[in-house]
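Here's the structure we're looking at; comments come further down.
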């Protein structure tokens, strides 16, 4: 998977590159509108992470040029939280998703993967993890070829975990993923226990494998044994 | 009171006072002139009578109702004409009338004659009345003319002012279209327009600066926060962390999240205040409310709260839909978070009213909580109620709060 990260903040760029490289993406970077335009004219990417505030202009200009070259790359816009206008105009210009800074990396990762699935695997949107296979179109989950029945939240959790396999995920990340910005109460962690408990039970029951590890004091980790 | 009515009213009062004073002066002057005239008349008649006596015309033929001449011995009025107002009985209409008389004693030959001349005051009095009446009608006409002309002239003269008012009323600070005020032929209005233009330009400049500043601050804070958060997550991925290290990193991580949320909340407040959320006409609040309730349904049941919803009335309001989501989610979140175990939430609509009721643990809310950063518990941000208050205030929604029977009752009145 080829990923272009357009971000002018060097530390953030470094973090993003570092994060996605670990997830086996081929990452390239651009720090200005000009550089980004040059790259999208020359290469094809599966996905692009686009920061709106760039030193020589708005990231939306990159989006416009991208549409002129008929590039099939999925675009996720990163922008300051307060700029709703960016969100609206970005999505109007054909961006696929939008995330406000400061964002959660696991969330970003899950969304990028979802964009890639939608854009590049039309018809066979299968996510496979060891014995688990998920059809993201029909939202059907099979473990060892057996169909298992998950609630909406459990399904969202499973996709989120698989998108971020082998990574410690904090409870805060999970809460934010499941309930979005609407949770500023930190005692909402109680809520996720129920979901995680049920999801784990269902996975163990149908596959005899426990992929979900509790990391004491931090959160959870989804990995092959 | 409208300016036009006010000036006209003052005009009328001033004119009336003037007319009354003028009326008095005219009547007084007129009376004086008439008096003079009658006195002259009396003197004239007396001279004629005297001449007639000198010419030996018999007294009997000279005496009549208006002049009485008789011989006298008294010399009290000798050559000293004396004027007097008196009333005399009039046989014709059986009534007393006002008369003016001149009494004088003249020496003709060796005889003294007492001459009294009378003149009725009926005619002069009716004359004064007539004059007053015509004066009054002229005044009345003048007054009417003044009022009408004042109304018409003022309407025309104040037209640019009204236009300026209308323009200002329709002006939105955040809008990009500049304020347009036409040149007028009145110097003062031009001056006013110039001052308004200069003032709004200055306000707009400050406003844009402030807006940019807050946006910049919010933006500048967001990137470092993202980096701190990412580095924490990276540290947490390591397998060899001991308990203390985990705790410290989680503390940094959680506070970083908290800071992000405060930043988001404050940015939201600033944005609401600055009117960045465009108002849309007739937003269906009921629909949004239903979807928000659905969104929180799970949290409600996970917290073992019972929800009673009675959301049927269609409520339409001019507001930004995103803010409605913020508004309702804040109410529902509060109802969930500040509830007691096994408590109850009720959300109901009536015509022009949405109510959020929930059982509570700690008694009524301190009114201070409606301001920023006042909070009851350490794990909430203390911005929720101030965001609610702000949204309501800016969109003509009346927010009422009561605490009855251990229940928080929030009501939105449209």
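Counting starts with 1 at the first residue shown.
Each Cβ is built from the backbone N, Cα and C atoms, and glycine gets one as well.
Residues annotated as domain 'Response regulatory' in TrEMBL: A:2-116. Annotation comment: TrEMBL describes A:51 as 4-aspartylphosphate. What TrEMBL lists as DNA-binding region is A:124-224. Summarising the annotation, TrEMBL assigns domain 'OmpR/PhoB-type' to A:124-224.
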If I take every residue in the domain 'Response regulatory' (A:2-116) and average their pLDDT values, what number comes out?
86
Check each residue in the chain of the residue listed as '4-aspartylphosphate' that is at least six apart in sequence and keep those whose C-beta is under 8 Å from its C-beta; list them in sequence order.
A:6, A:7, A:8, A:9, A:59, A:78, A:79
Do you know the DSSP helix, strand and coil residue counts for the DNA-binding region (A:124-224)?
46 helix, 26 strand, 29 coil
What is the number of residues in the domain 'Response regulatory' (A:2-116) that are helix, strand and coil, as DSSP sees it?
54 helix, 31 strand, 30 coil
